[in-house]
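In what follows, a single structure is set out as structure tokens and then discussed.
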Amino acid sequence: MDPVDPEVPPWHHPGSQPQIPCNNCYCKRCCYHCYVCFVRKGLGISYGRKKRGRPAAASHPDHKDPVPKQSPTITKRKQERQEEQEEEVEKKAGPGGYPRRKGSCHCCTRTSEQ
């Protein structure tokens, strides 16, 4: 093992940081990219500010009227459109519902060969 300069902080030692920078991808490979990615993406732990929604004001006029029911024709059209989209996805996917391309992630540039 090579000697390390004692004046250099530990986070700047050789091999302490991954060669490829972290990204926003949540695929399995990117979740195990480094310790930070594993904690944030794999375990879902973040120490950032928690956003909480405020309760709606009861005096506001928009909150008093109930939501009108949708006509059955609109819901039928939505169902038909959703079924068509599912069929398109099944056509694009290979056997078992997996994409035909093997070993590549659609959201990052790395493939299984790397």
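Sequential numbering from 1, following the chain as shown.
Yeah, the Cβs are placed from backbone N, Cα and C, and that goes for glycine too.
What Swiss-Prot says about this protein:
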REGION    1-48  region 'Transactivation'
REGION    1-24  region 'Interaction with human CREBBP'
SITE      Trp11  site 'Essential for Tat translocation through the endosomal membrane'
REGION    22-37  region 'Cysteine-rich'
BINDING   Cys25, Cys27, Cys30  Zn(2+) 2 binding site
REGION    38-48  region 'Core'
REGION    48-114  region 'Disordered'
REGION    49-84  region 'Interaction with the host capping enzyme RNGTT'
MOD_RES   Arg52  asymmetric dimethylarginine
Number of Cβ atoms other than its own within 10 Å, given for Cys25 (Zn(2+) 2 binding site): 18
Surrounding residues of the region 'Core' (38-48) on its own chain - C-beta under 8 Å, 6+ positions past either end: 26, 30-32
Residues in the region 'Cysteine-rich' (22-37) grouped by DSSP into helix, strand and remaining coil: 7 helix, 0 strand, 9 coil
Fewest-neighbour residue among binding-site residues, criterion Cβ within 10 Å, set Cys27, Cys30: Cys27
Where the residue listed as 'asymmetric dimethylarginine' falls in three-state DSSP terms: coil
Among Cys25, Cys27, Cys30, which are recorded as binding-site residues, the nearest neighbour of Arg52 (asymmetric dimethylarginine) by Cα: Cys25
Cβ-Cβ neighbours of Arg52 (asymmetric dimethylarginine) (radius 10 Å): 6
